[in-house]
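Participant: One structure, pasted below without further comment.
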Amino acid sequence: MFSFNLLTQYIIMRSLKKFFVKTYGCQMNELDSEIMIGQLENRGLTRSHDENDADLLIFNTCSIRDLAERKVMGKLGKLGLTKQSQAIIGVTGCMANAKKDSLFQKLPHIDFVLGTNNIHDLNHVLDEVLASGKQSIRTDDHFEFELDYLNAKREDQIKAYVSIIRGCDKFCTYCVVPYTRGSEVSRAPENILEECRHLVNQGYKEITLLGQNVNSYGKDKLEWKCLFHDLLYQLDKIPGLERVRFMTSHPVDISKELMEAIRDLKTLCEFVHFPLQAGSNRVLKKMHRIYTVEQYLEKVQMLKEIVPNVALGTDIIVGFPTETEEEFQETYRLLKEIEYSVAFLFSYSPRKGTPAMRWRDDVPEEVKQDRLQRLLQLQDTIYMKHRQAFLGQTVEVLVERRNFKDDRLVKGRTRCWKNVLFTGGDELVGTMQQVKIHGYSHQTLLGDLQ
């Protein structure tokens, strides 16, 4: 750790004036970026949304799929051709953990690499780089919830993300998360409740609880006697909190107690992201998903019985190594049967460091893309069916903002995660409104204020 006198500290603070942050990937990365932005603004720096106008550039990266990595590497490579001598470039996020110091070999112009478990070290790393002129790297494996979340610079004024658990212990064979974010670490419930109360006092209406597997919350700290559903009951008592969401769930860990909480708690939205990944038992076993199709469907049936109006989301991967056409058809039939409200569909790409990387990627790319397109087309018909079912219904909408394309309209979401547009002004932003649906456009419902 460096020790600086007052003159050196003054030089360091004068060395950086504006910063730029680009975020790739999931909601966890978005929250991590908000925390880093808060640190930098507390340091006295000004945020710029133009990378050419900043002398500190931070790229918060994603490794979950090959395309995400290639986008980042392409962007960072171009910066090496144009970088000014004063600019400092940092790489944070999952790529930092996955590639570590090899990033310096491929991209010698970057100045620091900061892992997902080290974002609280951002200012210390900047001080080291500025004082020494040398590259710096921190990519610890273990995470402690010691970050000052209360000083995070939120991107939204209505909705906020709150981290409750980090890491994952499931080790699906295709997934880098256990290697980039470490093992599961739950955050103390009193700290979560404190942050949520703080956000509500600032005017936030909706909180989304984040974790790679929120259903594992508290299982690593049984002495707390606070599992995920227990936490939700405590959050429901916070005055002024209108809505609570959560993501993501692992099918193995979702409990009857959680389903009953969704049914009973006024704040908890009736939407569950419930990743299937594949509709073939053999493929699921090869993925190490630790459930069968039959067990998955049992959970879906139980959830729909307890919460009849629940909306389900999912993730599905096509073209996993050795997947046959018949096994793909099993996935296709399940997608058609369950009729997800939201589906994120992907073709498989090998990720370095995962067990699946050792297997031959034997499904040709054109076959992967054909299967993906067939699922996308099916899901489009399901989306159409869902949208038509809303016609004539009156739904509760949390108004989030003016519509970007037509400022005569405002945009909000229903409790089940549907986008809604209707006529209104700034006075409606942040309020709950009843809206009658009369039409739809692509993924958006259209309505009239009641």
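The backbone N, Cα and C atoms fix where each Cβ goes, glycine too.
Checked Swiss-Prot, it gives:
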BINDING   C26, C62, C94  [4Fe-4S] cluster 1 binding site
BINDING   C168, C172, C175  [4Fe-4S] cluster 2 binding site
DOMAIN    17-131  domain 'MTTase N-terminal'
DOMAIN    154-385  domain 'Radical SAM core'
DOMAIN    388-450  domain 'TRAM'
Participant: How long is the line from the C-alpha of C26 ([4Fe-4S] cluster 1 binding site) to the C-alpha of C172 ([4Fe-4S] cluster 2 binding site), rounded to the nearest angstrom?
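Facilitator: The Cα atom of C26 ([4Fe-4S] cluster 1 binding site) is 18 Å away from the Cα atom of C172 ([4Fe-4S] cluster 2 binding site).
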Participant: Determine the mean pLDDT over the domain 'MTTase N-terminal' (17-131), rounding to the nearest whole number.
Facilitator: 89
Participant: What is the nearest of the binding-site residues C168, C172, C175 to C62 ([4Fe-4S] cluster 1 binding site), using the Cα of each?
Facilitator: C175
Participant: I need the neighbours of the [4Fe-4S] cluster 2 site defined by C168, C172, C175. Which other residues of that chain put their C-beta within 8 angstroms of the C-beta centroid, in sequence order?
Facilitator: K170, F171, Y174, V176, V177, P178, Q212
Participant: Apart from C26, C62, C94, which residues in this chain have a Cβ no more than 8 Å from the mean position of the Cβ atoms of those residues at the [4Fe-4S] cluster 1 site?
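Facilitator: Leaving out the recorded residues gives Y24, G25, M28, N29, T61, S63, I64, A68, G93, T180.
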Participant: Counting only residues 6+ away in sequence within the same chain, which have a CB under 8 Å from the CB of C175 ([4Fe-4S] cluster 2 binding site)?
Facilitator: I64, C168, R351, T354
Participant: Counting only other Cβ atoms and using a 10 Å cut-off, which of the binding-site residues C26, C168 scores lowest?
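Facilitator: Each of the binding-site residues C26, C168 was scored by Cβ atoms within 10 Å; lowest is C26.
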Participant: Counting by DSSP, what is the helix, strand and coil composition of the domain 'TRAM' (388-450)?
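Facilitator: Final tally across the stretch: 6 helix, 35 strand, 22 coil.
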Participant: In whole Å, how far is C172 ([4Fe-4S] cluster 2 binding site) from C94 ([4Fe-4S] cluster 1 binding site) when you measure between their Cα atoms?
Facilitator: 16
Participant: In sequence order, which same-chain residues at least six apart have a C-beta under 8 angstroms from C172 ([4Fe-4S] cluster 2 binding site)?
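Facilitator: C172 ([4Fe-4S] cluster 2 binding site) has long-range Cβ partners Q277, M287, H288, R289.
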Participant: Tell me, by DSSP, whether C168 ([4Fe-4S] cluster 2 binding site) is helix, strand or coil?
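Facilitator: In the DSSP reduction, C168 ([4Fe-4S] cluster 2 binding site) maps to coil.
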Participant: Fewest other CB within 10 angstroms, which one of the binding-site residues C62, C94?
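Facilitator: Across C62, C94, these binding-site residues, the one with fewest Cβ atoms within 10 Å is C62.
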Participant: As a quick check of your reading of DSSP, tell me how many residues in the domain 'MTTase N-terminal' (17-131) are helical, how many are strand and how many are coil.
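Facilitator: Each residue of the domain 'MTTase N-terminal' (17-131) counted once, the result is 64 helix, 23 strand, 28 coil.
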